[in-house]
């Protein structure tokens, strides 16, 4: 990429600046937060987040090695407007998604890039399928030969278990995946058993093991791991094993494996790391393994296996450097003259597929490319020279020889190059040999003698001449491609066919390449001025004085010189060449007229004799200087010998420091620290010629640690610290054991104890017994005179009180320290311990809590329990920890503050004054996470798939479901989001659709979708049809098609033309029967034939259109149908008919009833009302109407009215009222709802 590379403050981010200057207020892109590498199981969603800054705001692109992220269902790329955060989400991970994902930010001034790796953990048979090779970050794949794979080490399974026992818990999964352990729970159970066995075995040799620090590799390439070990026997042997084989180690830095010990801390070091050093290391004390750690092969710094070799190539040719490392190194970088090289058309970088072989190709090599090339891995570097062979300057036509080069440009062009090593023996001509150009030696042979190379001293005269074979006219002279004139201090002369150029007094600036051109022919030669470099005498005089600096300060030595020829500078220290490979080491620079040595931070190792040799083709000169670095002295050499001289005090002995820092030691400062304290106290000073000291002011019986520092004029150096020493106390008896309670009653308590051991405990005169009440700090003597027996009954006790006892041994030298107190005991008749609890179970779980319940113990197994103790144990521990202080009186408990997703073992113990019952534990590990319930709709056969509602009615459709955790609920209508007039409410397993006023446009297919966090979806669909009562049919026409029958035909309802499903009902009324009777129903045609027509009777017809919502207005015949009788007429007076009046004001057949419900339950209030006309029911809460309240919904089905609250809360408590009204009056029914809050 064109431009220059800039450094970002975020590691792993590369920034290229594409312009020379950036305007004020603008900047190149950069990352404030880069994507994080992650490993996830398949099926999950991966999210990469990047926070990008830059002005103008950069454009952000995401890609992987395949480059295709166009699948919108798989990859979701988003960013919030005005936000710097950009997100890439990868849905439903599979094994194919394992890749390196790149994020690139670009604006007008530059480009920033970074990458993150995604590893998908596959399960089942997919773990073993082959995957395509994934690209390595920052590498370019080439077809370099692949190295044969290294043979895999066979690990003993026992070593792997030992490694797991001392590994950090967070590393369990990585170790199991690496070594193929798939039964994770079984592994945890076995670890518990093995840890108990190992602890029992280690207890034979050590008192304590702590501060385990696993293996790590320092920046100096040394692997270290350490631990604190308190040995029971200081003579116990410590062994070091690697992969099950014992390896020897030393106690200094001269061996590959060494042990450094400081007090109780043991530090093992592995130096000169190589790939074969990887493996599992174990530390054993005698035959017990106390610590296991693993050195990963990837942590070992790569070494150079096949170094770079010096490369020769022709000018404009391609040079190839190749280096092989011991292990892959993604950060390996190529340098030219300590300048970092970036891949380009000039420099091509390749890495073999196995990451071991690195290749650099320099395209079109020129003389300016000559010099040292190196490949650095951070700790190791390989360097080699590129030698470009051929003429020094390429030949070009005379008209394109370029401009004159100044002396400065000439020096920079070959600065630091080994010019004598790059010239072949055939490329340099001596005077008089006659060097011809290719043109001069053409077939015509126009030059009988060409120009010849010359070497002259400064101030001498020089003549360059050539002879032509024929007259080609006046010629032209050029120097380094620039035409020469008389003003350039040269003289031109032509004598026939001989053309000459004279320089009377040659100067260093006149050295160069001279060309004579005649016609289309030319001849060239080189004029060399043998001018050796010079250093000013005053500079040489200053260098004779030693240069003295303090450690840590930078050292810059700049030596100016004068030379007209290209210079090569070589610095040496004590005869060895100085080559800097990093910013912390020596740096050598060669500039225009000076050479410089820079030490960024001087240290004692930099002391010595330095010299610099300046070489040119004219000679060489050398300068020398002495560097002295002053620092604080090193710590005195140990180990420190500490000896208890009894009454004389403590005697210390040490050795002088290995390095005094360049200054004479003035004295030694001795300090001590008492055990248990953090303050060091100065106890004295020892003269410089003495390395011993005696501290007489120590107290017997106390432990001390001593340290010694060497002091010079530069200050005090680091301290040499001793091991902790115990000053022998006077021989007083040791403390007896804690008294054991043999029996306790209201009459007395019987104690027993064991005699002390150790110095001063051989002649015990007796024992003093003390007691105190539980909770008191005051001890009261039980006996005045020592009792010789180790058993005693304390009779003076108060019934019901709780006591503690302790015993002090008395010897001729006096009483010793009191022993530890006994357990607290009640002075009362003994009580039996309770029996074990029963029916222990887990009733609820969350991410941070577990709720338990159990039943009390059976009183037949012991006395009644007075409390309970709940304990938890993590799977990687053997210790049960109580969840609360004291005991609990209830049989349920919620353990809070747990780590999410962590597993725990649980047990409960019943307690009373007689003791504890046998603990009862659950057999399985309990995970601290809520019970996961897959989303499911709670529908049954009674649930309708089609709901038909009337235009203008309110539609409420509740849908119940169960899921844990709460899913995302989405409502759709015909596959699209709901219109704004539709309202949805979701709460606690119930989602409800509410359409306040139904319209014809609300008809359609409604779908509710439950979506979990993992992307799993469950849907439930139903159809709503909104319709109105049909319109009345048209006029009715009557005709007799068959004698004794009449056929009625009518015009269809207008709704039938709109494809509205409906049917017809036909009613008839004869003159002999007054009321209308239904003759036929569900007629889907527009005609009906009535049979059994009687002559002399009048028949009236009525047709009604019907659908699911009701009937239309009737359509009646205008004239009745009548068949005259064949007899005499007579008059019949039909009785008048009067329909009964059924009007009635509302009344409640079944009234409301009060409800008492816990929080979160569904409440349904119902009543039955009767009245004519049909009454309208309105619901009230605390005299406020509930119409339009989205939290409740009501129904009215044939006079049965219900009010439903899906999930009640305390705020729903109150008085509810149903008011039924019609034109004749109203009726009221009331009830009370009380919601109970759960107990905390």
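The backbone N, Cα and C atoms fix where each Cβ goes, glycine too.
Taken verbatim from TrEMBL:
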type     : residues  : note
COILED   : 181-208   : coiled coil
COMPBIAS : 406-422   : compositional bias 'Basic and acidic residues'
DOMAIN   : 29-119    : domain 'Ig-like'
DOMAIN   : 443-528   : domain 'Ig-like'
DOMAIN   : 635-730   : domain 'Fibronectin type-III'
DOMAIN   : 735-834   : domain 'Fibronectin type-III'
DOMAIN   : 836-931   : domain 'Fibronectin type-III'
DOMAIN   : 935-1019  : domain 'Ig-like'
DOMAIN   : 1032-1126 : domain 'Fibronectin type-III'
DOMAIN   : 1140-1234 : domain 'Ig-like'
REGION   : 61-81     : region 'Disordered'
REGION   : 395-443   : region 'Disordered'
Among 735-834, 836-931, 935-1019, the most Cβ pairs under 8 Å with the domain 'Ig-like' (1140-1234) come from 935-1019
Secondary structure of the domain 'Fibronectin type-III' (836-931) by DSSP, residue by residue, totals 3 helix, 44 strand, 49 coil
Long-range CB partners for the coiled coil (181-208) (under 8 A, at least six residues beyond its ends), listed in sequence order, are 160-161, 164-165, 172-173, 175, 228-233, 236, 285-290, 875-876, 878, 925
The DSSP breakdown of the domain 'Ig-like' (443-528) into helix, strand and coil residues is 6 helix, 45 strand, 35 coil
For the domain 'Ig-like' (1140-1234), the DSSP residue counts stand at 3 helix, 59 strand, 33 coil
